[in-house]
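Features as listed in TrEMBL:
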ACT_SITE  His249  active site
ACT_SITE  Asp300  active site
Amino acid sequence: MKLPKGLAGVVVDQTKVSSTKNAVLTYAGYPIKELKDASFEEVVFLLWHTRLPSSDELTAFRKRLVSEMVLPDHTVQLIARIAKEPQHPMSILRTTVSLLGTTNDVKRDDPPRILAKMLTAIAAIIRIRDGKPIEQANQNWGVVKNFVYLFSGEQPTAERVKMFNTVMVLHADHEFNASTFTARVVASTKSDDYSCLTAAVCALKGPLHGGANERVFEMLEAIRETGQDPVGYVNEQMARGRKIMGFGHRIYKDGDPRAVILRVIAQKISQETGNDEYFALQEQIREYMFKKTHLHPNVDYYTALIYHCFNLDKKTFTMMFAACRTAGWLAHVIEQQTEGCLIRPSSEYVGETNRHYPNKEG
Ligand SMILES: CC(C)(COP(=O)(O)OP(=O)(O)OC[C@H]1O[C@@H](n2cnc3c(N)ncnc32)[C@H](O)[C@@H]1OP(=O)(O)O)[C@@H](O)C(=O)NCCC(=O)NCCS
């Protein structure tokens, strides 16, 4: 029997959280294109409870999340010590999530609290790296407005909040992707939520998963700085056997539905912030890539430009992905803890057999 490499196409368990069946992304049965304007809080509630909240439930949920968007001083001090190190922000985040699990007193597993602390810690890492003061959440605002304020230090307009909200909703979950599966494996051993999230961050860090958005922007900068023809760049990279970041997907062979929505936002915000040259470049690359490979852009392709337009350093892009995906990671951890069992697959041994250890006495 030929085993599918990388478990491609293998159904390993059931879930009610989200689906990519027939290449249509749905959260608890709702298509993503209908949820794109739902509030992030509403979508988080949906993922965690597999139903939409009532108006009162949503108000209470939002209030709870925002009330938790604060970090104790000693946690900020510890984060500050590591955030100033030259390591990649995803390495800082990996340690920070683990740290939150030891300094974040009270109840160990409390998803709203954990999500709020993750967002606040990610914003804090950005502020500390930028040498800027840590801002305080406004209890009268929603989660997304607060999050943008906490990482940027500027109160975003309603339009920018809406844009970032859509980015967060589109990244919130994606069934059994590598980082979510990692979180579920850890949850299946009955480990705690922070351990699950720490492991998920490690998986997301890689360039074949969450790390692609940073590489997309590196590519755009490299082309702009050298003035190289984008077609020449793509040909040169592929001739060297390198993949073009932000293209291709294990599931969406005819295009990533999230990229379609994000493209519209990228076009608008890039025009508004004077980054339209980057968008034009992306269009040239997209057209050529399709002609050459029939590959479509994935979720990371336009998100990279959107984050840049929010004045984020490219090194922090994957942390942003983690901020949004924490919602889905926790949904899957909850499901695994309540309905799952130990994940322990088997492997096909293909190494040497019938060997014998030499008798050293003779
Ligand atoms: C996402 C990804 C890992 C999906 O991988 P996959 O379904 O396992 O597909 P494969 O890596 O086996 O690729 C299939 C073919 O398409 C090519 N291909 C896939 N993505 C490519 C890309 N971004 N650029 C150039 N060629 C690509 C592969 O080289 C391979 O060609 P071959 O059959 O001639 O060897 C892959 O498309 C990729 O590495 N993309 C770039 C990284 C990225 O953007 N990641 C974010 C994902 S949301």
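In case you wondered, yes, glycine gets a Cβ from its N, Cα and C as well.
Between the listed active-site residues, namely His249, Asp300, the fewest other CB atoms within 10 angstroms of a CB are found at His249. Recorded residues His249 (active site) and Asp300 (active site) have their alpha carbons 11 Å apart, per Cα-Cα distance. Under the DSSP three-state reduction, Asp300 (active site) is assigned to helix.
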